[in-house]
């Protein structure tokens, strides 16, 4: 089967690698996000992980800013794909592209659709305390994550899973499912999603810890936003990379955000947050025991 692969971040690499290792299918081209300026004054262009893997395997790479133009759609048509596989590409796939391949466009989505449609499904599964999540492979249409389900499988969410570890698990699950779908595509019976059960995982832009939330909620936030959740420590950004929590009725009269002991345990709206691994801006990550050696945490400012 001739395949065009569309993907960009590290999550997409596993699926592309599975396809490249499978002799039954041929990746004729890769589409990925345009390289981003990086380094001083933006003089260095950083390619996506998918871009790098494709070049290493001598596959044609295309980085259009949009797929809406006729010229781009004609180029895809000329490649004569049997199917287009989309995994966290980052661009809208217009109807003109969806209708080109014999088998249309299929998408690997890391949630149990229709739960957690949208940009951040893995984050929201952790944030919401879901006990399981999974991968859904859908036949794409023009609506966001609303296509018919071709295959769906679930996995448990471990109490210690963060966005990094859970993403890797789902990437490998989705990759094996992709091969199964492609090998059996003529025999699959698509299942329509129930829109009444839909929930949405919008892009997350706020990574600041709010101690007016319960300690268990903050712990999930640290795992879901790893490694970006932070608080302000004496006015400087301190990333919180790993935590635990406990209940303590003796501190219930303290204000949320108060440091309650020399280990820098912090009062929350409900419960006490225990930072375990932290990272001060400009510094390397360290265990909390090493961090507090350099500070009088009982007299610090936490916000």
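Note: Cβ is positioned from N, Cα and C throughout, glycine not excepted.
Bear in mind that the values here come from a model prediction, so they are computed numbers and not experimental data.
Here Swiss-Prot flags 111, 112, 113, 114 as (6S)-5,6,7,8-tetrahydrofolate binding site, drawing on sequence analysis.
All protein chains included, residue 114 ((6S)-5,6,7,8-tetrahydrofolate binding site) registers 19 other Cβ atoms within 10 Å of its own Cβ.
Take the mean position of the Cβ atoms of 111, 112, 113, 114, the recorded (6S)-5,6,7,8-tetrahydrofolate site; other residues of that chain with a Cβ within 8 Å of it are 109, 115, 116, 117, 121, 134, 136, 145, 152, 193. Least crowded of the binding-site residues (111, 112, 113), judged by neighbouring Cβ atoms within 10 Å of its own Cβ: 112. Under the three-state DSSP scheme, residue 114 ((6S)-5,6,7,8-tetrahydrofolate binding site) falls in the coil class.
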